[in-house]
Amino acid sequence: MEALGQAFLAVWGALGFDVDLMARYGPRLLSGLGVTLEIVALAAPLGCALAIPLAVCRLEGGPIARNLALGFSTFFRGTPLLAQTFLVYYGAGQFRSAFETIGLWWLVRDAFWCVILTFTLNTAAYQSEIIRGGVRALPAGQREAASALGLGPFALYARVLLPQALIGGLRPLGNELVLLVKASSIASAVTVFDLLGATRYVYGRTLDFSVYLWAALLYLALVEIIRRAVNAIERRAGRRFAAVS
Amino acid sequence: MENLPTLLSFGAAGWGDELLAGVGVTLALALATLPLGLGLGLAVTLAKASRRRSLRAFGEAYTTVFRGLPELLTIVVVYYGGQILLNAALARIAPGTSVQIGGFAAGVAALALVFGAFASEAMLGALHGLPRGQMEAAAALGLPPSTAFRLVALPQLWRLALPGLSNCWLVLLKDTSLVSVIALTDLMRQTTVAAGATKQPFIFYLVACLAYLALSLLSGRVSDWLQRRADRGMATAGR
């Protein structure tokens, strides 16, 4: 690992970049990248787990459940993520004793977990719309066939509707993942040292503007990798799908 | 919580007028960005649909960069980087002088760059949705290309791109909150000030969220109206 780092720095210097700067602050940027990945890797699946019941509420729920899910989705999609993050991070402090009573103070005290909580709720709202749209796009025959086979409501969703809706919604879900990567930079506004947070820290120390450009390249690479991965998965899923139908 | 009316009242005691001024700055920022972003989006769309390979490559590169970068990073880079670039340029022309870019100008520039990237995707889709026969018919009528584009293509482009552009506008409206990180007293910044001074962050951030929500819902109404106007005389399968 050490040798690898030295080799990297040698190439870095040969390309005419500032070796000293990279040796001192490169690890910081990398750990920032790690935090960014951590945020996305936690919030995206948690959001999906929350999005599925929300979408089902919208599709099958009574007036109360439907409107609650609609209100949730309207609020989180209609307001800036920055405002939501501040609402949770700073707002929670006002209810410290209440949170201590229910044993959740550790969660909202820590900026990182506040960010995870907010981003999960936010992406759940967007993902639930995608899943709902995916289910509604399925032909009515799917539902009828499932009930002819005697599937109950749970099996109908778990075995028939949701798998197809998720495959149909792969592209928008991939776009949502890209949006989440970009949005994760908002964590830096509440003292989390994600990639942008680390970059701002290094810039503050060195006043070397090029760190921003390195951060930009890292973000672009991350987004491009996700885009290509989603395209590849979609092609594979599409092939399997086409073979079935 | 019981003093909510006082907290949000106008005048010296309450924060209502400060918040409203913040809403004004937020709206001004979004409205100032819109024409610039639309123009940029149209230019990038035409570049991407161009026959010249270099223009196409430029359009694609532009879209990839500004769609892929976090908006917050773009704003910070434009704010600080623009300052450095401008002063470096100035130092060559007139040594010894320096300028300061305001938060508003930097915010508009950064948001317009992002808006242009997303809008160009919506417009490109609309451009592909335009039947070929339209421009051919315009040419057959003897309209010069620029007139044909202005009178035949553009109005239809507008109608087809409007749903996508409405989405871009909603994203823009929310993205304006990010400009509060570079010293601009928009709604978000005013809210932070009020929350800090009163020690009531929950109420103030909630009020700010509701204000953004109201702007979003209002925007939805306006874009519905614009879409109905643009759809005049068109028979559509939907609705």
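Glycine too: its Cβ is placed from the backbone N, Cα and C atoms.
Among the features that TrEMBL reports, transmembrane segment is placed at B:20-47 (among others).
The feature domain 'ABC transmembrane type-1' is assigned by TrEMBL to B:23-223.
Residues annotated as transmembrane segment in TrEMBL: B:68-89 (among others).
Residues or ranges marked as transmembrane segment by TrEMBL: B:101-127 (among others). Nonlocal intrachain contacts for the transmembrane segment (B:101-127), taken as residues 6+ away from its ends with a CB within less than 8 angstroms of a stretch CB, comprise 25, 28-30, 32-34, 36-45, 48-49, 59, 62-63, 65-67, 69, 71, 74-75, 77-79, 82-83, 86, 153, 156-157, 159-161, 163-165, 167-168, 171-172, 175-176, 179, 182-184.
As annotated by TrEMBL, transmembrane segment applies to B:202-222 (among others).
For the transmembrane segment (B:202-222), same-chain residues at least 6 beyond its ends with a Cβ under 8 Å from one of its own Cβ atoms are 1, 4, 7-8, 15, 19, 23, 26-27, 166, 169-170, 173-174, 177, 187-188, 191, 194-195. Using a Cβ-Cβ cut-off under 8 Å and counting only residues 6 or more beyond its ends in the same chain, the transmembrane segment (B:20-47) has close neighbours at 10, 55-56, 58-59, 62-63, 104, 107-109, 111-120, 122-124, 127, 165, 168-169, 172-173, 176-177, 179, 184-191, 211, 215.
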